[in-house]
Amino acid sequence: MSAIDPAISASAVDDGIQYVTVTVGEQLFGIPIARVRDVFVVGGLTPVPLAPPEVRGLVNLRGRVVTAVCMRRRLGLPARERTVGTVMAVGLEQGDESFGLIVDGVGEVLRVPADTREPRPPHLDGRWASLASHIHRLHDRLLVVLDVDAVLSFDGDGGGG
Amino acid sequence: MDELLREFLTETSEYLDTVDVELVRFERNPNDSAILRNIFRLVHTIKGTCGFLGLPRLEALAHAAETLMGRFRDGEQAVTSRDVTLILATIDRIKHIITELERTSVEPPGRDDDLILPLERSSGGPGRRGIDPAILAAFDEPEAQPPGEERPAPSPQGAAAAEGADAAAGTRQQTIRVAVNTLEHLMTMVSELVLTRNQLLDIARRQEDNTFNVPLQRLSHVTAELQESVMKTRMQPIGSAWQKLPRLVRDLSSELGKPIDLVMRGADTELDRQVLEVIKDPLTHMVRNAADHGLESLAERRALGKPERGTIRLGAYHEGGTITIEIADDGRGLDLAAIRAKAIARGLAPAAEVERMSEAQVAKFIFHPGFSTAEAVTAVSGRGVGMDVVKTNIELIGGVIDIHSEPGRGTVFTVKIPLTLAIIAALIVSVGDQRFAIPQMAVLELVRVRPGSEQRIETVNGAPVLRLRERLLPVMSLARLLGRAGAKEDDDGFIVVIQVGRQRFGLLVDAVFHTEEIVVKPMSRKLRHLQVFSGNTILGDGAVVLIIDPNGVSRILGAQGVDAAAFADALAEMEEEREEEIEATALLVFRAGGPGQKAVQLSLVTRLEEIDATRIEWIGDRPFVQYRGRLMPLVTAHERLVIRKEGMQPILVFSDAERAMGLIVDEIVDIVDERLTIDPVPQRPDLVGSAVVRGQATELINVAYFLPLAHEDWLRRAAVPNAPVRTVLLVDDSDFFRGMLAPVLRAAGYRLALAGSVDEALDVLASQRIIDVVVSDIEMPGKTGFDLIESMRIDQRTRHLPVIALSSYISPAIVERARRYSGVEFVAKFDRGGLLAALAASIDGYGAAA
């Protein structure tokens with residue numbers, strides 16, 4: 001339940017952007033650190049009958065009720081075969097509401113140089129394309145940067161959030 | 001700011017609000033010395049503290065007001081409306097000074113002679129005379145800058161007023177705002193504490209060492225109490241938002257020249273502070289509107305023949321898990337024609353469309369921004385701002401507002417605020433392995449249902465229902481509602497009986513746990529479209545639980561056509577059957593003399609026997625059988641029944657201490673539990689009546705008819721063939737008890753008349769119906785059984801009727817009182833045997849006397 005300290009790599013001097021990296025399936029995603037409230041282990045999930053499939057349930061996070069959103073379902077990926085160990089979530093806020101984005105794993109905080117930024121490839125799957133704001137070329141792989149508001153905008157929102 | 005001063009300011013503004021309210025009450029009841037003493041004490045306290053803190057302006061004002069009130073208190077002077085206005089004006093000035101004090105920490109410069117002199121004059125200086133009307137007029141306009149005060153840079157009036165209002169609100173909000181934030185934090189902390197405690201308890205349970213148990217238990221108690229207290233501190237009675245209204249209405253009343261009564265109900269209905277803050281202004285606005293637009297002028301009311309005093313009613317209550325606030329006036333009602341015209345003129349909707357709109361739809365136009373139909377813009381309202389803001393504010397917290405208006409009768413605004421933010425008691429239930437909370441407010445009762453038991457789910461045209469006393473209750477399985485295809489049958493569990501408005505339904509759940517006070521947290525926006533849930537909460541054990549919304553469920557039921565209307569016919573039928581509706585009775589079903597089903601109450605049958613037909617002996621034309629060392633007479637259950645000559649002959653044995661009788665039947669079919677609806681069958685003394693048993697028309701035999709056929713003296717009453725059936729008037733306020741006793745009496749061969757109260761009973765007695773005996777409960781609300789007896793004894797026709805008095809508890813006083821009336825027998829309420837014996841005896845006695 002430890003919050004990631006934004007100061008971790010603040011010593012770097014370049015004007016790169018910091019991302020909390022998460023993995024979903026084989027893919028590495030980045031979430032702008034400014035949007036991340038905390039990272040926590042999901043325990044005691046209360047499912048919500050009739051809810052949109054993306055909502056896995058509600059979690060009590062230190063007295064706050066957090067809506068757990070499944071990143072796999074959001075991306076249209078199949079559920080994980082078997083949940084090994086703990087379920088990790090990235091705490092996000094939108095308006096005055098708290099969400100927890102359930103991911104397969106949470107990695108380090110990366111500071112990415114701005115010049116590695118690329119627009120998202122035009123042939124990206126429609127669903128992915130709507131969730132990615134852009135991508136970054138890392139030396140060995142690609143980092144897909146998530147548009148947090150797009151991720152949190154799905155059915156049941158009414159206003160399209 | 002000085003801590004002492006801050007405390008004084010907070011306290012004083014609370015006092016002043018109270019004084020406002022009390023003064024208005026006082027003006028109404030000038031002789032109520034208690035109210036006056038209260039006001040006097042408050043003003044006196046303010047004066048004392050002012051002196052202590054060195055606030056000369058406040059002190060002088062409070063002193064002058066106190067002196068005048070002292071004279072009222074001591075009865076030296078009569079209270080006039082003028083004096084009260086003067087004191088109210090003084091209080092306004094005090095408020096104004098306090099506002100300034102709060103802002104700058106010093107009293108604003110200025111003089112208050114304009115108030116103090118009239119106060120002193122009123123207090124009976126020798127030259128007492130009327131107050132300059134100009135001064136009073138100035139006080140009636142609260143937004144005006146108080147005279148006598150020098151502002152270095154006079155700001156526009158409106159701004160000054162707004163600033164004053166903000167700051168005035170600040171005195172309270174400061175406390176409340178801080179408190180709410182702190183409480184929010186406290187709440188989170190307490191939740192954490194509860195979780196930690198639970199973990200500790202869990203660890204302690206697994207430890208051999210029990211030295212921790214005692215302190216842990218204490219910790220547990222303290223934590224629970226702390227949690228409860230923190231939750232409760234968020235609540236405030238709605239009355240605190242109404243406090244300013246009596247004063248407001250009084251001022252409006254004099255300003256508009258309309259006498260107005262303000263009636264407030266449910267002021268103690270508790271609301272979350274945050275909700276309270278939000279609805280305060282809308283409420284004030286609506287009351288203002290009611291006074292200005294709603295109520296007619298005095299002349300108009302006189303012309304219409306309405307009472308001169310207009311009435312504004314405010315009411316608050318909890319309903320179905322929401323808080324409902326009503327603001328009603330008995331004025332002219334909405335002018336729908338004017339609203340239509342204006343809506344068209346403003347281009348809010350095409351004329352054709354507006355013409356087609358229902359009255360309710362037209363009324364909703366008043367919530368449109370900038371919509372005002374008041375012909376004259378008065379100082380009070382009619383500036384065209386308001387109702388749209390009211391609506392926005394209410395919707396902000398998820399509430400709804402509704403209008404109901406009747407021309408010439410008045411207008412009612414109904415504001416419903418959902419639980420959001422509120423703390424409620426909730427019933428925790430489960431479906432499968434998941435728990436849910438149901439607002440206790442909406443829960444009427446719980447019923448355990450099981451297939452085959454007395455309380456079970458039945459179906460009407462495929463829809464599940466529960467028979468609950470005289471009503472059919474539509475039932476919905478929560479599992480189904482939540483889209484959980486049940487592997488389990490939908491007929492075992494608990495039915496939570498819920499009432500929403502006038503609709504009543506049952507929600508089937510698997511298990512019911514306990515009631516818990518919960519803090520309602522709003523649903524996430526992603527989930528708000530789910531009608532079934534109104535929010536969620538964190539239980540004491542840290543689990544997140546969804547709160548079922550009874551209103552939402554009711555809407556879903558309605559949408560599925562499972563509403564009251566769908567059951568109207570069935571219900572009406574049930575109502576008709578009400579007199580006959582009784583509890584399930586164990587019946588022995590048999591056949592005799594034909595294929596038709598017959599039945600007898602199992603409780604009357606001593607034994608079922610099959611005897612060898614060859615053992616049947618005949619004495620003359622009467623059959624007997626040697627049974628348990630005695631000769632037992634046999635009677636056929638039907639005249640066409642042929643007694644067997646060989647094989648086994650089934651018989652039903654009826655016996656008491658000395659005698660026994662065998663009733664010969666063809667075949668014993670079954671024993672069933674059935675709710676009997678008995679229809680009388682004329683000209684058949686051998687039958688109690690007919691009823692549907694297991695879907696078949698069945699004749700219920702009258703044992704009392706057969707017994708004398710075996711032993712002529714068994715029942716003297718029935719010894720006379722075709723003896724008239726006696727009618728018993730059963731008087732009891734409890735549906736349940738009448739339902740329980742009715743079948744007993746019917747089975748014993750009596751005809752019944754039922755009454756739920758003494759008045760109903762007297763109506764029955766006064767009608768043409770012939771009553772032979774009255775069985776009445778003694779303890780009934782309102783008129784008691786003794787009242788009934790006394791009324792009966794006065795009337796010539798009922799004077800000699802035997803009465804059997806029933807009482808659930810036996811006190812010597814009651815027995816003594818019952819004995820004072822002749823012809824009154826006293827029987828304990830649950831002694832069926834005693835009642836039947838008393839009935840038989842009383843009817844015999846009556847018959848003999850008559």
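For all residues, glycine too, the Cβ spot is worked out from N, Cα and C.
Among the features that TrEMBL reports, compositional bias 'Low complexity' is placed at B:156-170. If you look up TrEMBL, you'll see B:1-101 marked as domain 'HPt'. Positions annotated as domain 'Histidine kinase' by TrEMBL: B:172-421. Residues or ranges marked as domain 'CheW-like' in TrEMBL: B:423-559, B:584-712. Sequence annotations record features per position, and here TrEMBL assigns phosphohistidine to B:His44. Under the heading 4-aspartylphosphate, TrEMBL lists B:Asp777. Annotation source TrEMBL lists region 'Disordered' at B:109-130, B:143-171.
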What are the DSSP helix/strand/coil residue counts across the domain 'HPt' (B:1-101)? 86 helix, 0 strand, 15 coil
Distance from B:His44 (phosphohistidine) back to B:Asp777 (4-aspartylphosphate), taken between C-alpha atoms, in Å: 58
Across the domain 'CheW-like' (B:584-712), what is the average pLDDT of the model, as a whole number? 80
Secondary structure composition of the domain 'CheW-like' (B:423-559) [DSSP: H/G/I, E/B, coil]: 17 helix, 75 strand, 45 coil
Could you tell me how many residues in the domain 'CheW-like' (B:584-712) are helical, how many are strand and how many are coil under DSSP? 14 helix, 71 strand, 44 coil
